[in-house]
Amino acid sequence: MKIKNLQLQTKKCFASVSMEEEKPFDFLRILFEGIIAGGTAGVVVETALYPIDTIKTRLQAARGGGKIVLKGLYSGLAGNLAGVLPASAVFVGVYEPTKQKLLKLFPENLSAVAHLTAGAIGGIAASLIRVPTEVVKQRMQTGQFTSASNAVHVIASKEGFKGLYAGYGSFLLRDLPFDAIQFCIYEQIRIGYKATARRDLNDPENAIIGAFAGALTGAITTPLDVIKTRSMVQGSANQYKGIFDCVQTIIREEGPSALLKGIQPRVLWIGIGGSIFFGVLESTKRLLAERRPKPTQQSQHD
């Protein structure tokens, strides 16, 4: 009987570590703090790792044995940050309150489903900003344009508004699984670690878990990333008729291994990026939490 009770307590502790059921759900506060923390983390990680992302994009866009140019690795950074800031803010701003709501709705043993679902919902919301930003960034990284404003003007005039959302389907095919899997792995490891350590995690621990979650998810989703890159950089040529045609063409012309192009810089980039992003994210969330106004004695009594 004692063993059974101990197992029940352990299970409950593992599933409810981050739910904080004793605190009232404050949607606006969680939304605001998520926006600030997400925007900060997104800008820091994008600036730090932009050159690796540029190399990865050029590797994936190159056909056959095409050479990779290592100049202009920060090409398009300023314009990209203009999109990364609101996109990251929207993602975390949607993810955090959605996660908290779902954790209260789902049974304790289905917390992973709550994290997967919240990650996908956050990804859909952020995709409206991410996709145009990604299209402009990758066109600049591959040398098609020299400035973000020029890229937007030319793409919109030649390809129409839909040109800014080129590869939207393949982007969702890559990013929705990526966001859902990465945040689920990260959150589940944190829950288990906190239950084992019986304390809050520090910034280095959050960073290590974020690196592992990012690297693993990055490797798994590399083929989806290659498809997304090819769809976005094709421009008005419309070489691919759709996602499946893109896959068939790549395999037919370059072999199945082409779907893993850029996996090394991608895993490195996202692994380091996950470390920085989640480290900065949790640190910013903690700082914001410490600045919350403390409830008055009267409100505590009420």
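Yeah, the Cβs are placed from backbone N, Cα and C, and that goes for glycine too.
Averaged across the repeat 'Solcar' (28-101), pLDDT in this predicted model comes to 83. Residues or ranges marked as repeat 'Solcar' by TrEMBL: 28-101 (among others).
Per TrEMBL, repeat 'Solcar' is recorded for 110-192 (among others).
What TrEMBL lists as repeat 'Solcar' is 205-287 (among others). According to DSSP, the secondary structure content of the repeat 'Solcar' (205-287) in residues is 73 helix, 0 strand, 10 coil.
The feature transmembrane segment is assigned by TrEMBL to 27-52 (among others). Sequence-distant contacts of the transmembrane segment (27-52) (same chain, six or more residues past either end, CB-CB distance under 8 Å): 73-74, 77, 80-81, 84-97, 100, 265, 268-269, 272-273, 276-278, 280-281, 284-285, 288-289, 292.
Under the heading transmembrane segment, TrEMBL lists 73-92 (among others).
Taken from TrEMBL, the feature transmembrane segment covers 112-131 (among others).
Within the repeat 'Solcar' (110-192), the DSSP-based counts of helix, strand and coil residues read 74 helix, 0 strand, 9 coil.
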